[in-house]
């Protein structure tokens, strides 16, 4: 924890795949690919890497002339390299800008990030391929980019720095007896052994069992009483209907006799 920093000082694909740089196992295949990669920086690239900026998320229509117009306001530019496709010649959306002075580099790094060029918000950072030890590019599973949709986010860079880890006590190792022998030898005063815990658990369970049986018995009685009341109501309803039907029959019979007399 003492050497923790939000920006990676040395590139490690496993740490870059973690939001706080503390992962111990890869969580996606790209991290495995980056860990197994043996990447060597392009020796054909010239210029001073410590005076070079990386500019990404460019509009595909943005040209070298436009980049020179925008970035020359921060200082004198030595060279601009807009990366293009070898076959089509179209822009790939990122470029490298080399300044003559470090002061201009730092000013552009501070002020040009999130600048809008040709309706695109750009991203500006120092060149990392030749300056960050162990660097693995994004096409090999490394880098500091990634999208939430792909599930391959990378952390430790300027755009997505590490979050400070939560300082939790080291309980896991001690709990499972994986620590040192001194830690595993629990004192009788401080912590009870597993047998005592199991015995207490059994006792508490035996105490709780009659209470559960009592509560279950009460619930059964309540349910029986409810059913008995509902059956009683149903019998009353049937008796009332039968009485009403008999009365209506008696009235019809009496009326019929009266009609016969008058005839």
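Any Cβ shown, glycine's included, is placed from N, Cα and C.
TrEMBL does not curate its annotations; it predicts them automatically.
What TrEMBL lists as compositional bias 'Basic and acidic residues' is 146-162, 180-263. Annotated domain 'RRM' per TrEMBL: 51-129, in sequence order. According to TrEMBL, the region 'Disordered' annotation covers 146-263.
Only residues 6 or more beyond the boundaries of the compositional bias 'Basic and acidic residues' (146-162), in the same chain, are considered here, and those with a CB under 8 A from a CB of the stretch are 4-8, 11, 15-21, 28, 30, 113, 123, 125, 128, 138. Assigned with DSSP, the residues of the compositional bias 'Basic and acidic residues' (146-162) fall into helix, strand and coil as follows: 0 helix, 0 strand, 17 coil. Taken together, the residues of the domain 'RRM' (51-129) have an average pLDDT of 96.
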